[in-house]
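Structure record follows, encoded as structure tokens.
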């Protein structure tokens with residue numbers, strides 16, 4: 001029998017909810033690229049429930065314990081996780097609350113065979129160490145890509161229309177319209193570019209096209225000509241060649257050695273004064289202090305995102321207090337709608353692995369010590385901090 005350790009974020013401060021704002025969530029049967037949605041043999045949860053916190057348990061306890069397996073659920077990613085790792089067979093984590101499986105931790109977990117990301121993005125796993133250990137690493141590909149894309153569009157509109165400061169005027173009992181509109185613009189006619197056009201980046205482009213903006217992108221893999229024509233896209237070979245043309249830039253790229261620190265002082269200086277920058281990919285793609293300086297100088301008109309380093313961000317993190325920001329905790333891919341999909345996908349992966357049948361190819365990053373599936377396309381063994389987008 002297997003021991004499964006599941007690391008999830010804490011329950012709400014007011015306690016685990018007994019009721020929700022909506023009675024149900026729409027059912028998604030497939031994704032834009034033709035991939036089908038998760039299809040486990042059964043589920044033991046109600047779609048639309050809070051599944052990603054410790055009391056939600058991703059809806060796994062009944063399924064696992066009825067088959068004789070042990071499920072340990074915790075939120076402590078440090079000492080408590082270290083205590084559970086030596087005899088763990090499986091570790092489940094989320095990109096929003098990552099349990100960092102470093103080389104040292106993997107070495108201290110001789111029985112560890114499977115790491116599952118409930119969601120997308122496995123950069124919290126040292127892939128080189130996982131490969132050397134002969135492990136399998138899997139994630140629920142596409143389960144929350146559209147959720148993240150919607151978050152990006154929300155943040156773009158929030159910054160350009162100066163929404164958050166205007167809302168604060170209402171909360172403060174004020175009504176000074178000039179204070180609200182002095183930094184508010186129309187998105188229409190602006191040039192918007194994405195750094196990377198994978199699942200999330202392409203979904204962002206599709207959602208922005210009806211706003212009558214000029215769309216730009218850069219990616220290692222150029223999109224089909226038919227997609228470029230449909231959306232009116234302009235391709236640029238690199239981020240450095242893209243950003244000078246754009247009023248809004250959204251980062252949807254993997255984190256790897258070539259993108260780490262990409263948005264530093266040098267690149268930011270080449271952007272139009274007053275550009276808006278959105279980052280829901282990984283925090284380390286942007287230089288923390290360079291972002292603060294660009295906002296303070298006015299080179300950036302606004303910065304928004306939901307990714308931080310480290311996570312959770314300390315109380316004195318400068319992105320909490322820098323001017324003209326629209327930061328949130330790491331929530332873009334953790335809507336209740338997305339949780340239903342990645343909880344189902346996590347169960348589907350476990351059903352296959354525990355039953356000795358192949359895990360769906362599109363879920364695989366590493367399979368028994370070899371890059372596989374989505375991982376073979378998006379990762380390299382020398383870029384173990386990469387993440388699929």
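Cβ coordinates are placed from backbone N, Cα and C, and glycine is handled just like the others.
The domain 'D-isomer specific 2-hydroxyacid dehydrogenase catalytic' annotation in TrEMBL covers 65-360. The average pLDDT computed over the domain 'D-isomer specific 2-hydroxyacid dehydrogenase catalytic' (65-360) stands at 97.
In the three-state DSSP scheme, residue 144 (substrate binding site) falls into the coil class. Within its own chain, residue 144 (substrate binding site) has 119, 120, 332, 333, 334, 335, 338, 341, 342 as residues 6 or more apart in sequence whose C-beta sits under 8 angstroms from its own. Taken from TrEMBL, the feature substrate binding site covers 120, 144.
Taking a C-beta cut-off of under 8 angstroms and a sequence separation of 6 or more, residue 331 (NAD(+) binding site) has the following same-chain neighbours: 96, 151, 306. Secondary structure from DSSP puts residue 331 (NAD(+) binding site) in coil. Per TrEMBL, the feature NAD(+) binding site maps to 145, 199-200, 219, 254-258, 280, 306, 330-333.
The domain 'D-isomer specific 2-hydroxyacid dehydrogenase NAD-binding' annotation in TrEMBL covers 153-332.
Under the DSSP three-state reduction, residue 282 (site 'Important for catalytic activity') is assigned to coil, being neither helix nor strand. Around the Cβ of residue 282 (site 'Important for catalytic activity'), 25 further Cβ atoms fall within 10 Å across all displayed protein chains. The feature site 'Important for catalytic activity' is assigned by TrEMBL to 282 (among others).
The site 'Important for catalytic activity' annotation in TrEMBL covers 330 (among others). Counting every protein chain shown, the Cβ of residue 330 (site 'Important for catalytic activity') has 21 other Cβ atoms within 10 Å.
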Output the one of 258, 306 that, of all these binding-site residues, has the highest number of other Cβ atoms within 10 Å of its Cβ.
306
What's the most sparsely packed of the binding-site residues 120, 145, 200, 254, 333, counting other C-beta atoms within 10 A?
254
Rounded distance in angstrom between the Cα atoms of residue 258 (NAD(+) binding site) and residue 282 (site 'Important for catalytic activity'):
13
Please report the number of other Cβ atoms within 10 Å of the Cβ of residue 256 (NAD(+) binding site).
19
Here's one to test understanding: among the recorded positions 145, 200, 254, 282, whose C-alpha is closest in space to the C-alpha of residue 330 (site 'Important for catalytic activity')?
282
For residue 200 (NAD(+) binding site), the three-state DSSP class is helix
